[in-house]
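Per TrEMBL, the features are:
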type	residues	note
SIGNAL	1-24	signal peptide
DOMAIN	90-441	domain 'Peptidase A1'
ACT_SITE	ASP108	active site
ACT_SITE	ASP324	active site
Amino acid sequence: MDRPPAPAPAPAVALLLLVVVAAAVMLAAVEGAGAEATGVFHVRRSLPAGGAGAAAEAYRAHDGSRRGRLLAAADIPLGGLGLPTDTGLYYTEIGIGTPTKRYYVQVDTGSDILWVNCISCDRCPRKSGLGLELTLYDPKDSSTGSKVSCDQGFCAATYGGLLPGCTTSLPCEYSVTYGDGSSTTGYFVSDLLQFDQVSGDGRTQPANSTVTFGCGSQQGGDLGSSNQALDGIIGFGQSNTSMLSQLSAAGKVKKIFAHCLDTINGGGIFAIGNVVQPKVKTTPLVPNMPHYNVNLKSIDVGGTALKLPSHMFDTGEKKGTIIDSGTTLTYLPEIVYKEIMLADNLYCVGFQNGGLQSKDGKGMVLLGDLVLSNKLVVYDLENQVIGWTEYNCSSSIKIKDEQTGATYTVDAHNISSGWRFHWQKHLAVLLVTMVYSYLIF
């Protein structure tokens, strides 16, 4: 999510290194077995296409307790294309309010809250370079919408107690700054969230639940730009403020979700619930961490383990390994990055030197979308483990309905299929440019 300097254009073969090393990095962290989940989201990417150097710069700029009875699974459609030649993030479409209005939001496992741009927002984009119709949320337009005051339980729980100077008339405000320097501020509201409940093989039925989310009143950095604008961000972090935690607390879903980001046909699978097929191997999440941290054991390139200092695999504040779907590229500590580049003698756009970043986290391994793509990744927060397996994200998975015990098929979706020709055109231009640059220089 930080912004190191843009690299020089790379030969097309460098992208092959991304696949080889990414698989090795992911597999090196795995231990044990098991997984579950129930619910699905459709996601698509959203960063501009362009040459290798321009794409990397754009991606760097972008990189930024359960209660009640557990009910059925959910299916959430995805769109996007997880390649450096396309948009650079995944997003889904959700429904909010009564009557329901549709919003496009980025899917981000590296943050916690759901927020959408509000009607009174300053610097909120009105148009999107992605060709999407943006919608501003107005609490007054929804019969089920209401502002959350600072003296309400949600606010007190979020901030660890009653805020100083709080009165019933004051709103519960929020402020989030992301790793790329972009930011959003506003206030919390509550309203009905509409989602697709899995009701059979490849079938869903409407469902809803009241959730509390941010009403964005001011955006900073890239979030204020129309180039890659969306209506907001939906965080799938572990905090009690996340949509997943709220749905789980309301007894709507189990606190497990999975995604499969498709770079072959675009889109993919995003589900909340207990995944029973395919099976995945799992590794424990590092406890008491704000993100999805895992214990990385080693890094292999071409089947050979890199010789790295043991402290490179320590976990703790500002170090360790984080899995984050809100980041496009993979960022490595400088010593790790240099060793990987030496092992294949190639420059790879998908991997970046975290040591050049200006913000905290230079000693961290951050695994973004390009590593997570074409794998089923399961986040089992019930058992505090995460797992993955190589998978065809254009196919389907099976999830267990906790209400009936039945197993249902959840298919892949691509709500950005209209971008297919757009991507093919830019891919052809990119390949020609890369080959030309390679021959000249």
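Using N, Cα and C of the backbone, Cβ positions are placed for all residues, glycine too.
The number of other CB atoms found within 10 A of the CB of ASP108 (active site), across every protein chain shown, is 23. For the pair formed by ASP324 (active site) and ASP108 (active site), distance between Cα atoms is given as 7 Å, rounded to the nearest Å. In the predicted model, the domain 'Peptidase A1' (90-441) has a mean pLDDT of 86.
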